[in-house]
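Here TrEMBL flags 131-170 as region 'Disordered'. The compositional bias 'Acidic residues' annotation in TrEMBL covers 155-167. The domain 'Serine aminopeptidase S33' annotation in TrEMBL covers 174-390. Residues or ranges marked as active site, charge relay system in TrEMBL: Ser257, Asp388, His417.
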Amino acid sequence: MMMEWSSLVMYLQDDNSKMIVGLTLGAGLLAYYLLEAVKRPVLACRDGSWRGFLESRLGILQERYWPTPWCYEARFQTILASVLRARLPDVPYIREVLELKDGGLVSLDWLVADADNKTIGKHIGRKQGNETDCNINNKKQETNDQTKNGVRSGEEEEKVEQEEERCEDGAQTQNKNIVVVLPGLTGSSQSEYVKGLVLTLQQEGLTCVVLNNRGIGGVRLVTTRTYCAANSDDLEEALDHLGQTHTNAALFIIGISLGGMITGNYLATRERKAAGRVVAAAVVSAPWNMVDGLKGMERPGLNLLLNWYLASCLCELVESLSYRLAGRNHKWDLDYVMKSRTMREFDTRFTAHQFGFVDAEDYYRASSLHTRFNRISVPLLCLHAADDPFQPVPVLPTEAAEKSSHVAMVVTARGGHIGFMDGVIPRLVYYSDRLLAQLVVAVFSNPQLMARVKEEAETYRSTLVAEEVLETSM
């Protein structure tokens, strides 16, 4: 045995042998990459108007997804996807602050595209309830006060004219279709994956608005309530507000990770109201089954490390909101919450108390969507990677999607969780961004076809509800 190992060592010390071994390993890795990683995405949805719409208008679904060859492992895709887009500059959104029924505040960050696909303005105002403050009137008054004893300077006149143009441009968005984006767990409108998406949509001439959850994105938390995957009340209020202020605009929702769960819960609990408010929706890397998904994230190894990291992000968030969440008059002990090492510990000590659940397991059951396919009335596309550490393929409700007329699942072989990097040198625009851009453009460009899809969806849902009632009565 020792002689065999010695012979192998001597063989590998030869330069030619090193080259042969290197080429052999390289060929093996390349073959594995081409056979196992590079594949066309799987589309799960029954034959009908929605599947036909997606297959005929999303060319990207007919192509192979080429994940970054040196970084196609799930955890690396998940982590490096944001790291490599860190060079994206902050997006100059127009901020609108919306006051909710319970007094809470959320921000709507707008990215508007004009005819030349350029960003219109920076932060020029805020909105609370139905009262708009565009700041242009204040700026005019300030300028008039400064120049009441003389004529305005050319520079001052130009500044006022620019502000007037920006407000006029903002007013013109009243009739434009709108893409509503919901970020992930602790994400905001300036998260890398959100910036990459909205900038891609902007290049298509689309208007986007990012809904930042309570206490996120620089808006002060004024209530003790935050947010969770099982509650979509804030999203409902935001959509109602948009429906009232942009009466002729079609709304498309994109929810990412936790934002996808909130989106799904809104669609499943509001049913026909959601169908009347939203033309279509998409979710990306949404954990459909939180109970089984969290069990996977608790396995020793890289998944558990990722679990610890996300728990630390949640702890940092509540610590930054301690001015509202600390104290003895709450159902939770913030000091105890801050000691959470896993997501399950955090959700048991904080989220469950916030929203009236028994524990984390109860919360995960309430937020899971895999059993509520039949309640969704809105055409929905779900983009997922087969190697997502939060939700591996066995947990995905692909069988339910195969039976659905209007809920489609697109599953790529690789991509991780909110990863979807592609190309040898990943660009700032990833596979998921391009797919979603094609989808939104197709939906907004074909209102008659979408009306047919929604009609078929309502017929399908009504049939299922009738069957459920019949089974219950028997």
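Positions of Cβ are set from backbone N, Cα and C atoms, glycine also.
Annotated features, which come from TrEMBL, shown on the structure.
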residue: Ser257; record: active site, charge relay system; Cβ neighbours (10 Å): 23
residue: Asp388; record: active site, charge relay system; Cβ neighbours (10 Å): 28
residue: His417; record: active site, charge relay system; Cβ neighbours (10 Å): 24
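Along the domain 'Serine aminopeptidase S33' (174-390), the predicted structure has mean pLDDT 94. Note: the Cα of Asp388 (active site, charge relay system) and the Cα of His417 (active site, charge relay system) are spaced 5 Å from each other.
Between the CA atoms of His417 (active site, charge relay system) and Ser257 (active site, charge relay system) there is a gap of 8 Å.
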